[in-house]
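Novice: Have a look at the structure that comes next, please.
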Amino acid sequence: MCPQESSFQPSQFLLLVGVPVASVLLLAQCLRWHCPRRLLGACWTLNGQEEPVSQPTPQLENEVSRQHLPATLPEMVAFYQELHTPTQGQTMVRQLMHKLLVFSAREVDHRGGCLMLQDTGISLLIPPGAVAVGRQERVSLILVWDLSDAPSLSQAQGLVSPVVACGPHGASFLKPCTLTFKHCAEQPSHARTYSSNTTLLDAKVWRPLGRPGAHASRDECRIHLSHFSLYTCVLEAPVGREARKWLQLAVFCSPLVPGQSHLQLRIYFLNNTPCALQWALTNEQPHGGRLRGPCQLFDFNGARGDQCLKLTYISEGWENVDDSSCQLVPHLHIWHGKCPFRSFCFRRKAADENEDCSALTNEIIVTMHTFQDGLETKYMEILRFQASEEESWAAPPPVSQPPPCNRLPPELFEQLRMLLEPNSITGNDWRRLASHLGLCGMKIRFLSCQRSPAAAILELFEEQNGSLQELHYLMTVMERLDCASAIQNYLSGTHGGSPGPERGGARDNQGLELDEKL
């Protein structure tokens, strides 16, 4: 009996111990095959107690999966068809595939063309000869207001421009096209352009284009494109140097009307670019908020702390509803260009029985200080707000939109600047053009102190929505036939036509789109 029992024990031990161990190993391998890597990483983090156990990791994973469900083929076709349909010179704002986009599209041929996004400082120039003779290409220019499409940045990097896409993705031309957009870096040499060679709906893969400062001027990025993709600009200061960018502080509120008991102010901390302000204006439209006064500039230091907004004065008859008179904006929210805002809510004080406060509360005056944490005594901006019930701004804004601002082609702009810059004995230089545009002697003397008076005058002409036909007429009147000839050559090369004999005649020509005037 004993020998038999001793010979039976090893096999019994294998059955009792080996089978459960093998089952556990097989189960672990199955889990490893089926469990996504992100979930496994989260499980290991929880087991290592590097994160609080209460973190709802599965819920976050489900939320992410719901937000990033792959688009169906019909959805993608409709998405790109909408973006590439000609907009007849108009700038469109649409929510497409959960992305807020601003875009314009048109067809171009061998004569080239220019696309502009209204009030954003973004343009795309397709030069003459970029498209083969006999062909037509649809092109689009897109401003991406989806913050998730921006590059993933380190604490040392700051976003200083919008994300811009040129479409269709991957399109190439016989000549380089020129993309122009604004940046807010204090030092242009620290501004580095990035490109993501992906479509709008794909995961972005951002890579630098050249060295820092290669495509940046004082406040603008200009990139010569060999093919179309996504582009942006990132602030990268050299080691040991401070990285800084310009912010614009914008104050919004709804109209103050009689009988209104509460009033809310919203203060936005935006990159100092036109498109950032347009985003805030668009964001305020559903709430009836309107911009109060001009934006104020702020020199934001990338190496400093959070931004503080401190309420210092409220006019009599009003009180602060919030518990605190000081609010903080996280440093990285501003540094990475997320367009944050903070708000204060005020209410009218109840009047005493023996005192009439109606005369005091039909107007509100507020003073706020804003500064980076720890720098209150060194650098601070003062924000003042005033509103009254009698102001005309309380009326709803008009429905009609202002006309877009035309823009001269860069190469023609530079050629005219060089021709008009030198002072002429007869006075038919940039000063004569300034007089034709309605500037008085004092303003002309002020412009003479600028770095490039001719460039300033040409920019003023752009802001007045002048066409090339009008500028040709002015040059002829000024007897500047060299400038008129340069404009004529550009028009002949791009449109095959001659400028109209009368000022404003181009606006009556229905055959020319807005972009084609330039």
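Any Cβ shown, glycine's included, is placed from N, Cα and C.
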Novice: Scan 40-67, 68-95, 208-235, 404-431 against Swiss-Prot and say which stretch is down as region 'Peptidase S68'.
Specialist: 208-235
Novice: Fewest other C-beta atoms within 10 angstroms of its own C-beta: which of the active-site residues HIS227, SER229 fits that?
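Specialist: If we count Cβ atoms within 10 Å for the active-site residues HIS227, SER229, the smallest count is at HIS227.
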Novice: In the domain 'ZU5' (102-237), how many residues does DSSP assign to helix, to strand and to coil?
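Specialist: The breakdown for the domain 'ZU5' (102-237) reads 6 helix, 68 strand, 62 coil.
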